[in-house]
Structure formats: structure tokens, C-alpha cells
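Chemist: Here's a structure for you.
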Amino acid sequence: MHHFQYQNGALHAEEVPLARIAEEVGTPVYVYSAATLRRHASVFREAFPADTVTAFSVKALSNLHVLKLLASEGLGADVVSVGELERALRAGMKPDQIVFSGVGKRREELRAALRARILQFNVESEAELRTLSEVAEEEGIEASVALRINPDVDALTLPGISTGKKDDKFGIPWERALETYTLARDLPGLKPDGLDFHIGSQITSLGPFERAAERAASLVRELRGAGFDIRRLDLGGGLGIPYADGDQPPLPSAYAEAVTKITAGLDVQLIFEPGRVIAGNAGVLLTSVVLTKHQTTKNFVVVDAAMNDLIRPALYGATHRLLPVAQKEGDPSAYALVGPVCESTDKFTDAAMLADPQAGDLLAFGTAGAYGAVQASQYNTRPLVPEVLVDGGSYKVIRRRPTLDEMLALEE
Ligand code: LLP
């Protein structure tokens, strides 16, 4: 559920007309709905036992103001860099609700996280385990470690965002789980008391989650049998969301029910790392039509947003629902919808159904809150796209558009 709706033919974010934001802030611009973020956070959190840590995957949407809002809803953070850690801490997320994921953490990143006394390091290799042990010893701080084990489960999602198959770069191979836990126990400064899985993103059926949870539960039992005191089970993120009309991914409640049925009786604290399901439908990318253009056999609409602002279509072939900000009369026809960047892959869709598009018309890409702004770049020296947070009848700019001088200042 989200709060982007038409009122008298005009698309609103909560009570604010998107046309007003376009007018006052300019386009392209990401617009988020605070009510939607709050709702998603509470629905997810309340689906699980009270001691569960819901660690929002900061990579999905890392704006400080959004993180503050989620912190006030009781969410923690899943971070993958010292930068994300700093964001989570500045947003007020509690260190004992922060987990550190990632396949290539550097020594200084591990040090910063140790000093912040985070809940858990999700360690993905023997090499990382050794480095973490050294840094923990230097700092005199014991590190709580969960090994991220690769369960070799097919997440049945886009190949580019699947992470739990045996030849993916992520995690420790299933067959080496026990020996790696033994190494962790033998190395100084480490407390291997957690287990971590994450099998992929935009997963739209329960099967892969159930298979992963079953493998995790059996591994918890096996590890305990071998004398390891496993207290936490982190099942990662990955729950999919509807991008197109008709998509029906499982609701958080169904996901929670399926997974907790399998983990019940294990006596572990559960951790989840949801990103997309919290942020995805809480944001749109607002853009305006620059011009229309008619090639030999194809009609184009060129908008002012481009692949550098929303890269998912160019990178993964992803599609985002297209919403006219002002509903128009007339029969729609198909247009190729492209941005101004000098690449043929700077195309959002080949079949945008639009009624009489004109320069200045406003359009919104739906479901753009997750992996939207965070994956933006300045390619073609286009300024990083700004972000706006709507709350009820008002909004604020939570990241402004940089000036050209600011963009060039780092090169002076
Ligand atoms: N935990 C770990 C260890 C992850 O790698 C990820 C996402 C998450 C949690 C959050 O997953 P979520 O709940 O959001 O599915 N850029 C791609 C998605 C990449 C996901 C990377 N890892 C996209 O635009 O679809």
C-alpha cells in the first residue's frame, strides 16, 4: 500500500500535488511519502516476534532524513560500508540494531564498526575472519560474528540480483560452514554466535525463502550439536514488491508466517535486512517531457530524467510503472520513453502508453524509492537528482540539487 493517488485527476503524494513539487523544486526529483515509509516499517516489524531486529538495508535508500524516520519507527540498519554506518549512526539507529554485511570490508571499516559496538559482523570469507580477528585484538573489543553461509538456493529472481547460488561471489560455501565456524572459534577476538543468509532481491514467491530458512534451521542445529552457541539468525532481505499492475508478491505477514514456522523452537533472535519492501513503493521519480521526436518508424518522448538518475531499466531491464501527473483525455498510443543521456540504453521503456504527450508534461516513475536515488550518478555532468520527503500536507527538500560550482569544486 502506498500514498501516491489521484485527486481530481492530479497525482498527489499524500496531500501534496506532485505538480507543486515540480514547480517549486524542479525536475527530475525523487519524491518519497513519509506515511508509506512508516506504514511499511511497522507492518514488517509487527509481523515478527518482538525481539526481532529489523535492520533496514541502507543501500536501498540511504538519505539521512529517511533513516531518521525509520529509526523512529524502531528500525535498525544493515550497512555495507563505513559511509552507510556513519549514516545509520547519525540518523540515530541504535548500534545494537546494526549489522555489517558485504564481501570486501576493509580493515578501517571493521575498526569503525567495532568502535561503534554494532550488533553483528556478517562475515563472508576466511580472509575477512582473520582480518576482523586482528583488528578486534588491536582494539580490545570482541566482535560478534555471524558467518554468511551460501545455501545454494535459487532465488528465482533477475540474475543480476541473485546472490545465494553456489557460484555467486557471496557467502561461505555450504560445505565449508563447520570448518569456518571452527576457525572463528579458534581465532582471538571473535565470538561466532550468529548465522547469516541472504539469497537475493526482488523475490516474489515464498519457496526460495522457505528453502533457505530450512537450510538455516538445520545448520543452527548442526552447529549447536558441534558446541557452538548460536544465538542469532539473520535471514537477510529480498522480499519482492509489485512493480507492474497484477504483480502479487507475498505480503510481509505471509512471509513472516512462512519463515517463523520454520524457525520456531530454535530459540534464536531473528534478524531481517529488508530494503526494497520498505522503500520501494514509498517513492516516485518525477520528470518532465523535454520534447517529442518522430523517427522513421518510431515515436520518442524525451524526458529530463535519464539513466544516471534511475538506472534500473538500463542495468537490469527493470520496468517502472509510468504515471501521468495530470490525467489526460484522449486515446493513448505507444512511445519509446528515453532520457537525454548519450547512450542507446538510456531508455525507460519502448512502450509508454501516453495520450498526446507535450513538452512540459509531468510524468512519474512509480516504485522508485528503492535503488533509485542511491544508484544515481553524475554521468554527462548531470547534477545528482534531489530528494523530497512529503509528510501529510507539506514537504521538505531532504537533499537539494547541487549547483554546477559545487559539482566542479572537487576538481579544483
Ligand atoms: N541484505 C543484503 C546482504 C543485501 O545484499 C541486500 C541487497 C539486502 C539485504 C536488501 O535486499 P532487499 O530487501 O532490498 O531485496 N540494485 C538492485 C538490487 C540490489 C540488491 C543488493 N542487495 C536493484 O535495483 O534491483
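Backbone N, Cα and C define each Cβ position, glycine as well.
Remember, TrEMBL labels are computer predictions, not curated facts.
These numbers come from a predicted model, not from an experiment.
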Chemist: Considering the pyridoxal 5'-phosphate binding residues Gly238, Glu273, Pro274, Gly275, Arg276 given in TrEMBL, which of Tyr32, Tyr371, Tyr379, Tyr395 is annotated for that site as well?
Modeler: Tyr371
Chemist: Starting from each candidate's C-beta and looking 10 angstroms out, tell me which of the binding-site residues Tyr316, Tyr371 has the most other C-beta atoms.
Modeler: Tyr371
Chemist: Restricting the comparison to the recorded positions Arg276, Tyr316, Cys342, Tyr371, which residue's C-alpha is spatially nearest the C-alpha of Lys59 (N6-(pyridoxal phosphate)lysine)?
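Modeler: So, of the listed recorded positions, the one sitting closest to Lys59 (N6-(pyridoxal phosphate)lysine) is Tyr371.
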Chemist: Filter the candidate list Arg276, Cys342, Glu343, Tyr371 of recorded positions, keeping only entries whose CB is under 6 Å from an atom of ligand 1.
Modeler: Arg276, Tyr371
Chemist: Tell me, if you would, which residue among Lys59, Arg276, Arg312 (recorded positions) has the fewest other CB atoms within 10 Å in the structure shown?
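Modeler: It is Lys59 that, of the recorded positions Lys59, Arg276, Arg312, has the fewest other Cβ atoms within 10 Å.
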Chemist: For a quick check of understanding: given the listed substrate-binding residues Arg276, Arg312, Tyr316, Glu343, Tyr371, what is the maximum Cα-Cα distance in angstrom, as an integer?
Modeler: 27
